[in-house]
Amino acid sequence: MLANILTLELLWCVLGPGVGIGVYFLTYWNWNTLPGEVYLADAVGSSDERFVAERALYDLGSLTSRGPRVAGSETNERFAVDTLYAAIEGIARQALPEYEVVYEVQRVSGSYYLDYDDYPITSYYRNVQNIVVSVVRRGSFSGKYLLLNAHFDSAVTSPGAGDDGTMVVVMLELMRQLTQSTKSPMQHGVLFLFNGCEENTMQGAHGFVRGHPLAQSVAAFINLDVAANSGREIMFQSGPNYPFLMAYYRDHICRPYANTLGEEVFQMGLVPSFTDYETLSKQGGWPGLDFALSSYGYLYHTALDARETISGGTLQHIGDNLLGLVRALSNADELSNIQEHREGTAVFFDFMHLFLVYYTETTGLIINILLGVFSLGLVVGTLFMIVRKEGAVGTNVLFESGMALIVQTLSIILGAGLSVLVAVIFDACGRSMSWFSSTWLLFGLYFVPCIAGLTLGPFVYTRFRKILFLHDQGRVILFLHAQHCIYAVLLITLSIGGIRSAFVLLFPIIFYSATTIVNMIIRFRLKIWIYVHLVGQLIPIVYFCSLAVTLFAVFVPMTGRSDNRSNPDLQMALFSALLTLLLVGLLTPFIVLFRRKLYVFGTLLLFFLVTAIVAATPEGFAFREQTSPQRYYIFHHQRNFYWPNGTLRDSGAIYYLHPQDRHTPDLLQSEVPDWANAQPLGDECDRELYCGIPFYINRYHRQSESSYWLPALEPPIFPEPVEFRLVSRESLSPGRHRLTFIAKGPSHMSLYVSPLLGRKLIGWSFSEQIPPSGKRWKDQDVYFVNLFSGSLDLTPITFYVEIEVQPSHRSEDSLFYLSLVAQYMHQDNVYLAREFQALLDKMPKYAHTVAYPGYLASWIF
């Protein structure tokens, strides 16, 4: 008999994890399964009007054939524009007579304000190039447009096959299909915006919104962007406030992949990226849908983001989905008078990419509260059943229920605490991010400790507190009820707090309530009720496995381009604890029924030890050369600082290392001895505005305390020298001074402006109103201006700064600090100094390095 018990319990310890791993890999397989690529040969003579991925791949090869398309470079401003224009001309020639295709290159200048916390940006641009294509069906055009947007510029060093070449060629193929369709009605026009400047503060999209006459006729938009190189596109932002868009997505997308959770996470700022959706939505005032490839983004913004990384299946998946959606929205009655359909935000999520669930936020609030209250009522009902069936005293059952709730709560805290403890230990041992390239290590490192904590509470409580009026299965029911109550209370609380992502708790609540009702009908018949409960857990487990695949595929690569100040293992530990709670929170109380509980804890310990050992081997090294490189930003800067009288007070060249992940600079210093002498910026940030560093974007200053620099013996080489001078100084009235300047340099420049104490910036050339200050320096306001010149136009920029002096201060004294910054990010490598190139040649093979010269000159006027 003992042998049978041991064998059965050991079987459960093996079978349970085996089933869980099997379900996970089933969802992983489903998530990675993409449609077959449609070839040109299949499309010829076919009556099916299908997206042709092979043709899109050919377009992508042409677009990326010249390498990176950085805004301002010849490759972007001429080659990319000419390539796309030629492709659009060909599509227009092949369009059916009933379609009118009008296209043009828009060159636009303007400025706007980006209200980012602590580091706002005034974005000023000249001659940004967009290609705008209007497609309308003759005789049925309503005067309204659906806008499709993708950007053709790329990040520094990146060929941009994924970001955003993928979506650009998808738009070209969509245009072909729409203009050659004999079946699809179109009462609205479709505008294709190929915008030439997104990577530099989304200036192309703003230029279209503020500078193109057709912008006034846009009713809604679809933004298409990329932060990865394969897989499915996720629809992660909708609206705002026009939920009918999600109804069209639900009805016309063949393979849905959308989630409110992704939208709320992105809008909370947990994703280190921005898209044109923000500009089109805020500046245009239009509702829209935001799509992006976002899974396994290890190659995003690297030199490895090449044509070879994009599969035909990925393009086919995107194209099939968007073709149906664009056709439907181009004939949607709602676009004719869109303001009538402003109804509030939506809750949406797909199930295994098979179908989409969608409802309004108000409906979701009602559903969540009603289900939460109803499920709590079921718990109360079953407690009455236990009292009647077991003949127990009601107060005793109520007391044990309360104790079960306390134990479950403490178990959750213990499980999360154990995962966090492992994260702290691994980071202290220098093994953080061991899961970066081997994601499966997360399960042993962080899921298993959390499962152990969740299991330990019920085990210890039942081990040391024996009660006679309730058998072990009854005690399991109380623990399950307690866990269910935690879910229900969270659902109600989060819903009232306006958290739409609370919908994830509906899965355990609905299916636990359903199995509870069945078990109430069979009066919780011994042994049988257990299997009813387990069957009810299958669908929630499938869904949460799918959610785990998505979360880790999206967020693990992001830890390689975030920061070095925080421990990314803590983030993964908390993600893992949350997913563990959702996956097995209604399973771990069954530990009470095991006679040999040692098997359970032994299995968990074995899983953890094996994973920890593997994580300490080379398999646990975070980075891989071709698939998951380590990112470095290393710049060669020339810095000149001037006294108020114009004489030079300090000058020199440095190498600046901007941190990207937890292992910066320790790993680099161990691999490249030259960096062993690198110093933190330290006192530089007190002495100089923005630490005296020519930041490309001012928010890089946020990481100044963890950034490093080395002195450079050789100055950088500048193909286009910076010219700057004060043209005039006027006293407009007592205490008011206007200084006019001329600046000339490369396409990417910036200004830091900081009025001295007792002075105030009251006017300048870059906007009608002065924006709020960013993070203050020496108790002074600080303003950042991004200056961009497109179309290869490097003519001088003339601007003025107007300062007001408070009456209590002397007007004759200095007025403000002004720093001019120049970035040489798209010039050829021949402009890298020999010493700089030699330093870069020593970088590890697994490293991807963004490196270029920069210049800063700082004056006090």
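Each residue, glycine too, has its Cβ placed from N, Cα and C.
Among the features that TrEMBL reports, domain 'Peptidase M28' is placed at 130-325.
Summarised as a single figure, the pLDDT of the domain 'Endoplasmic reticulum metallopeptidase 1/1-A TM' (404-614) averages 94. The annotation domain 'Endoplasmic reticulum metallopeptidase 1/1-A TM' is assigned in TrEMBL to 404-614.
If you look up TrEMBL, you'll see 627-859 marked as domain 'Endoplasmic reticulum metallopeptidase 1-like C-terminal'.
Note on the transmembrane segment (12-31): residues 231-232, 352-353, 541-542, 545-546, 548-550, 553, 583-584, 587, 594, 599-600, 602-603, 607 of its chain, located 6 or more positions outside it, place their CB under 8 angstroms from a CB of the stretch. The transmembrane segment annotation in TrEMBL covers 12-31 (among others).
Positions annotated as transmembrane segment by TrEMBL: 365-386 (among others).
For 398-426 (among others), the entry in TrEMBL reads transmembrane segment. Here the transmembrane segment (398-426) has long-range neighbours at 383, 432, 434, 445-447, 449-458, 461, 465, 467, 470, 475, 478-479, 481-483, 485-486, 567, 569-570, 572-574, 576-577, 580-581, 585, 588-589, 615, meaning same-chain residues at least 6 beyond its ends whose C-beta is under 8 angstroms from one of its own.
The transmembrane segment feature in TrEMBL is assigned to 438-464 (among others).
The annotation transmembrane segment is assigned in TrEMBL to 476-496 (among others). Same-chain residues lying 6+ beyond the ends of the transmembrane segment (476-496) with a Cβ under 8 Å from its Cβ atoms: 364-365, 368-369, 371-373, 375-376, 379, 382-383, 386, 400-401, 404-405, 407-409, 412, 458, 470, 502, 505-506, 508-509, 512, 516, 524, 529, 533, 585-586, 589-590, 592-593.
According to TrEMBL, the transmembrane segment annotation covers 502-522 (among others).
Look at TrEMBL and you will find 534-558 (among others) tagged as transmembrane segment.
Proximity of distant same-chain residues to the transmembrane segment (570-591), defined by a Cβ-Cβ separation under 8 Å and at least 6 residues beyond the stretch ends, is recorded for 16, 20, 408, 411-412, 415-416, 419-420, 422-424, 427, 435, 442-443, 445-447, 450-451, 454-455, 458-459, 476, 479-480, 483-484, 486-487, 504, 507-508, 512, 530, 533-534, 537, 540-541, 544-545, 547-548, 551-552, 555-556, 559, 597, 600. Annotated transmembrane segment per TrEMBL: 570-591 (among others), in sequence order.
Under the heading transmembrane segment, TrEMBL lists 598-616 (among others).
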Which of 365-386, 502-522, 534-558, 598-616 contacts the transmembrane segment (438-464) most, counting Cβ pairs under 8 Å: 598-616
Beyond the flanks of the transmembrane segment (534-558) by at least 6 residues, Cβ under 8 Å: 20, 23-24, 26-28, 30-31, 228, 231, 234, 259, 261-262, 271-272, 294-298, 300, 351-352, 435-436, 439, 442, 504, 507-508, 511-512, 514-515, 518, 571-572, 575, 579, 582-583, 586-587, 628
